[in-house]
Amino acid sequence: MEFPEHGGRLLGRLRQQRELGFLCDCTVLVGDARFPAHRAVLAACSVYFHLFYRDRPAGSRDTVRLNGDIVTAPAFGRLLDFMYEGRLDLRSLPVEDVLAAASYLHMYDIVKVCKGRLQEKDRSLDPGNPAPGAEPAQPPCPWPVWTADLCPAARKAKLPPFGVKAALPPRASGPPPCQVPEESDQALDLSLKSGPRQERVHPPCVLQTPLCSQRQPGAQPLVKDERDSLSEQEESSSSRSPHSPPKPPPVPAAKGLVVGLQPLPLSGEGSRELELGAGRLASEDELGPGGPLCICPLCSKLFPSSHVLQLHLSAHFRERDSTRARLSPDGVAPTCPLCGKTFSCTYTLKRHERTHSGEKPYTCVQCGKSFQYSHNLSRHTVVHTREKPHACRWCERRFTQSGDLYRHVRKFHCGLVKSLLV
């Protein structure tokens, strides 16, 4: 005997408990914002929270602090509402912010939907689109359809779905439609690029300038970006703006310097290591002789490892984004003077204004490429290092992005993953 309304009732009761703070056994911190929630719901909806609570000791699970440079409080609030309601509201909030938060939390169904939105937006803004009524060279990409992950009886009852997934409509006869590419950015990479990337193995990027030599202005970079990062297409529309500031000339680094950083670990042990080492920068005594050194792409300081460089970059991004604010004292929602869009806080409005002005304040010292958002620069740095820090625990194959590792595990080790999630 089935009770199709049971799933909807369960979500409704959990939502009421969260609003009242009843039986909430954890608190998620995003900047200064606090979100009480239930661990079971977070772990069921997010791979990030599942791994966090699985690896953390029992006494340190009450508080979870997310990276405020990637996840904004309004975006996480929308994702938290989705976990408890089965609905995702993208109104009055930049899709890029929701995509960044969903990628960080490994909520891949939301990642697919947000990328589809951005792809459709880019196609609508492309001046090369065919006129209405003209036959396109290729059929348009199908738009993901929301489907409930419940039994058929629950769909008849029109209840809010507990889990959602993006499903493509059945393929019609004729030439095959183009597919939405599965990019390798789903943990940190936050936007789009057409076409899949082929995995290539490169040695670490070691530059050939002597350590004691002075930098020469106008020198050509020795390492070029051979392919755009998946995150860089979110700035494609703004790159056409005539007000885009010129890129500074690239500055070569010293011999033996490896430019790069390592993505933040998802496990509890790595998070504890990051918290213990926060704020500690490498001095000249710590660098020591021998071994590859890492250079900061923003200030050119040297560090003994990519982990210490990651800590240093986080301090940079906190300084640049420290002007984050909430609603104005009079309670009026911040509004863009150019397009009239309203935002939940002035910080998101400031980020949105970059799409109009073309401002790209974050610049890679190695190749001179500029980015609108700090996390895009962090992910772009991996292009120079060719690092592959994400290793499959079952076959030891390594990947540059955690999204590649996720799809590899889902394709080749699906049975093992299901056994872990039980």
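Yeah, the Cβs are placed from backbone N, Cα and C, and that goes for glycine too.
According to Swiss-Prot, the protein has these features:
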COMPBIAS  243-252  compositional bias 'Pro residues'
DOMAIN    24-92  domain 'BTB'
REGION    121-141  region 'Disordered'
REGION    166-188  region 'Disordered'
REGION    207-256  region 'Disordered'
ZN_FING   294-316  zinc finger
ZN_FING   334-356  zinc finger
ZN_FING   362-384  zinc finger
ZN_FING   390-413  zinc finger
Kindly report the helix/strand/coil residue split of the zinc finger (334-356) according to DSSP, in that order.
11 helix, 2 strand, 10 coil
If you average pLDDT over the zinc finger (334-356), what do you get?
82
Structural state census, the zinc finger (294-316) (DSSP three-state):
11 helix, 4 strand, 8 coil
